[in-house]
Amino acid sequence: MTPSISQIKKRVRYGVGLILAAVLGISIWSIVSERANALTAAEKLASGYVRALAEHSQSAFSEADSMLRVLQKEIERSGGLERVDHAELLREMRVQVSQVPQIGSLFLVDRAGNLRLNSGSAAFQKINISDREYFKTYLEHPQLGLSISKPILSRLVHRWRFNLMRPLNEPGTPFAGLVALGFETQFFSSFFSQGTLGPRGRVVLIRADGTPLVYAPYREDGFAIDFTKSTLFREKLPNSPAGVYHVRNPLTFNQPYIAAYQRLERFPVVALVTLHEGDVLAPWAQKAATQMSLMLGLCLVLLVLTWLFFRHLDRLELALVTVSDQQRQLGIKAAQIDAASEAILLLDLEGRLTQFNHALCSMTGYSPDELLGRRLHEIEPREYAQRVNENLAQLQASGKASFESAYLTKGGKVVPIEVTCRVMESQGREVVLSIARDITQRKRDQLREQTRRDLLEQIASGVALDEVLEGIVRFAEQELPGALFSVLLADERGERLCRGGEPSLPPVPQLAGDATLSAEGTGSCGNTAYLKERVVIDDIAAHPYWKEFQPAHAAGLKSCWSEPVLSADGELLGALAIYHREVRSPSDEEISLIVSAAHLASIAIGRVRGEERRRSLEEQLRQAHKIEAVGQLAAGVAHDFNNLLTPIFVYADMIRSSLGEAAPQVRQIEAMLKAAHKAADLTRKLLSFGRRQVMHMEPLDLNEVITSFGDIMRTTVKESISFELRLTDESAWVLADRGQLEQVLLNFAVNAQDAITGNGAITVETGHLVLDDEYARLHAGVKPGRYVLLAFSDNGCGMAEETLRHIYEPFFTTKESGRGTGLGLATVYGVVKQHDGYIEVWSRPGQGTTFKVFLPLAGPAAGHTPLEERGTAARRTLGSGKSILLVEDNALIRDMARDLLEGYGYRTLVAGTPLAALELATRPEEHIDLLVSDVVLPEMNGPELYERVLEYHPRLPVLYISGYTGNVVLHKSTMEMETSFLTKPFTLEQFLARIRGILGD
């Protein structure tokens, strides 16, 4: 098998690398070996040098010692230094010195240290050496024999010398002087020529105590070195009298040396010769540099030759790669054409398929063999097949064309396509290159957008809500085959869901109607409406939301996805439910479709809700205008009627006064006056309804007004009807006219009595409450603030919806003729409006009626104790300093609740958001006895906040307050609903009573 170029290059690289490695290895081994040989030779040379130095020094010292002995004996024989012939002795000394070159001088010193004779001085010089260390040593140790002094600078010749000395002894005198011989230190260094030891070689003679005697070449601090701390004295001499070693960082040298030493046999001296490694290896280094240069040059030549060879191979490989790339590119292009999502095909001018990619097979469902050679119109629907010849003719005329068409698949399905084609030449003949793109999704998107526009047009044109919702459901089911959609509508209070549109849903009433907003147990829709967020349950059989909901299982439904339908400002309008008969989860595309459908439903429901609210407000406005107009008319009639009644009263009184008591006309006149008084009462009611009656406004305690007027109301109603007062414990101050309030109470009592047949019950209640912005938004004419509630209830016959629409109209009555004027509730309405109050009514046929009057809370009258100051000690005793965490996003209710709780002795922590509440709850120093929280809050809802707070305060009780009714089920609540929930609007007494019940106060 022929190797490839890359393999050849790889083998060449390996071969050249091995050659270079071998050359480098051999060269390095040779250089290292030569270096070792050079060092070994230098060690041998140093050893020879030191032996020669030791022998020379030994000989010089021995010869000098013999001279000292001869002089010592000569002086002793002559009888001492004083008796010897000095001239003869000096001559003999000079003769001996002249024969020995290493000796600089030979001199005699008496016991006083005076220089007596010196062979080196022609004239006598008076010199005293008693201060010299070596002289003092002999004075202290006269028995000392031969000794060698430290090197000293001669006072005669000013050169460095060291002395070899022996003492002079006379009979009876332990020390008579000394005879000494001064050695020239330069003598020992001159033994070796300068080139012998190298530029940095040294010769050293060291006394046995580590004192250097000779240090050559001379170094200024050489004689001050203490060799006892050197490697020579610490390690080498104790083990061997002679040897060679390497010194890397010795005390006397700063660079690496080869040191050879030898101890003299007869004298306490060590000879030392050192060779610098740099001097020894200099020839080796030069040779190694030359050798490495030659080796590197050869390697460079080899590398250049290899590079040139590789260039030739690269050119050859490039040529081969170019050919291979062209072939591969052709293959890639063919694969790309075959893998393209668009169908790419070649046709002859007769419309016959000659070449095509795999996409055409995928679009049509035919195999390549079935399509090859087939005419194009055979795979197109009839309406498009008829245009093939026309399109080909147009293409030949213009050279290119674009149009929409369709393929008819093998299974009979029509696939819409967009075609772009052009005429080109291939192998000397004209062919048609056509690219067909599947536009099924585009058509589907267009249809979806058109359907959406149609739905929006229906919403804008006022089509009935049921029809619009059904259209939205069918649109969504068309886009998501197999899904069953349902739209549920929320009631006005956002508490329950009712049917909206579910044309395809199985006929199971519980699936889409009358669902309570909840977080558990009522399927997906109640939870998604309660949480205002998407709830996806891919398997309803295993989910706790559906555990008690058998109708869904019976209908064969397996999964349910629900999406809240919200207005632009977040108001709950309903819920969208999507059911499947299989367990599955939604994809991102399906979620997008669901959100779009929910948005359409939001627009439709919002439009209808807005229209209903607009009509309701218009109706209330018309009713107000109507009542206002009737009131003005009634006031005018009453005014004129009062003018007519005045002369009747005056003239009747005048006639009665002119008659005697026994006159028969007196009874008739009194009857006439009685009728006139009834007419006057009627005019007062008309004036009250028309708000034209002058009122005396003063701060009144509503509880006191009801209590004092209670006897009158009790005697007004029949004995078969029970009459119960449920008044708040606290004063209920309002700014009102007492007479008008009593008239309202009396009218309510009379109407309640007339509504009860047989036994029954009437209940009058009062309380304090706060009406917030949400309540004011839903009830026209109400201003947010603190109010006193007056509730008047009966369990009588109740009223129908039609009756409720007219109850405040003057002269409207359902009583039989003669039992009412029809001005009772009209008067009540006028009085309430004059007091800046609000009135609402609840009534159902057979269930009774409740009127609620909301009057603005006012301050107490002069002389009365304010509410906040009454019973302060009792309230503080009630609260006992217990801590309550209050979470409410409405500032009005939050301030009211805080003032109330603190007024009753409760320590209150206030937060406007859940995150602020959590920050308070996590403080270690804070102890909390009760959490009071709104249900609907920003960031997280009340139950979710409660779960978070329980992490820091286990077993903490909670009281939820919300605009929803008490039927709302709270997720994972740890308390009974009647204890842990309070519906807005509530009275302050209800709020306080619920807190007392929870805390056990």
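Residue numbering: from 1, along the chain as shown.
Keep in mind that glycine also has a Cβ here, set from the backbone N, Cα and C atoms.
Residues or ranges marked as transmembrane segment by TrEMBL: 12-32, 292-310. What TrEMBL records for 337-399 is domain 'PAS'. According to TrEMBL, the domain 'Histidine kinase' annotation covers 636-859. Among the features that TrEMBL reports, domain 'Response regulatory' is placed at 883-999. Under the heading 4-aspartylphosphate, TrEMBL lists Asp934.
Note on the domain 'PAS' (337-399): its mean pLDDT in the predicted model is 84.
All protein chains considered, the CB of the residue listed as '4-aspartylphosphate' has 21 other CB atoms within 10 Å.
For the domain 'Response regulatory' (883-999), DSSP puts the residue distribution at 46 helix, 25 strand, 46 coil. Taken through DSSP, the domain 'PAS' (337-399) splits into 33 helix, 11 strand, 19 coil.
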